[in-house]
Amino acid sequence: MAITVRRHHHPLLFLSIFLLLSYNTQAATLALFNKCAETVWPGIQPGAGHDVLARGGLELRPGQATSLRLPPGWSGRVWGRQGCQFNPATSTGKCATGDCGGQLYCNGIGGAPPATLAEITLSQSATAQDFYDVSLVDGYNLPISMTPFHSSAKCVTAGCVSDLNKMCPAGMAQLVTGIHFHSFCFY
C-alpha cells in the first residue's frame with residue numbers, strides 16, 4: 001500500500017504499500033495505490049470533527065489506484081483491510097484484518113486490530129507543518145511506508161516495510177482465517 005502527501009511549498013509524506021497522498025496549497029489529494037499481490041480494502045477514519053472520505057472504505061485490486069480530495073486541516077488514519085467478503089447488495093460482510101463493524105464503508109468507525117496504521121494531520125495553511133507517521137499501536141497486518149512527495153523539506157521515510165509476521169513472538173501471534181497476524185501493543 002502506498003500513500004504520498006504533497007503540498008506545494010511544504011513537506012509531506014508517502015505511505016507505501018497501498019496508499020498515496022498528494023497535496024496542493026488549497027486542498028490535498030489522497031491517492032491510494034494497492035501494491036499488494038491481493039485485493040486490499042482501505043479503511044479511512046477521520047479525526048474528530050473532520051470529513052469522512054469515500055464513506056470510510058473502498059476496494060482496491062492489485063495494482064489499482066484511486067484518489068480522494070482532503071480539505072485543509074484534515075486529520076485521520078488509513079489502514080488496509082485484508083480477506084474481506086462483502087454482500088454487493090448490502091455492503092455488509094467481514095474482513096480477516098482491520099474490519100470496521102462488518103461494513104465495506106466504515107463511515108467513521110475505526111478498524112479492529114490487528115491493523116498497520118498510516119496517520120495524517122494536515123495544517124490549515126500551506127505554510128504550516130503537516131505531520132505523518134506509521135503506527136503499530138493497533139498491531140501489524142500489512143507493510144506500509146510514507147515518504148515526502150514533491151517536497152522541498154528534508155523529511156524522511158516513515159514505515160514498516162518488513163514482513164513482521166515472519167518474526168512475531170508466539171505470545172503476540174493471532175491466526176486469522178489461516179493467515180498469521182499479530183500486534184505488538186494491543187495483545
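Numbering starts at 1 and runs along the chain as it is shown here.
Positions of Cβ are set from backbone N, Cα and C atoms, glycine also.
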*Disulfide-wise, see what TrEMBL says C100 is paired with, picking from C84, C106.*
C106
*Disulfide-wise, see what TrEMBL says C84 is paired with, picking from C36, C95.*
C95
*Under 8 Å Cβ to Cβ from C106 (disulfide bond), same chain, six or more residues apart: give me those in sequence order, or none if nothing qualifies.*
G43, I44, Q45, V52, R55, G56, G57, C100
*Return the single residue from the disulfide-bonded residues list (C84, C95, C100) that has the minimum number of other CB atoms within 10 Å.*
C84
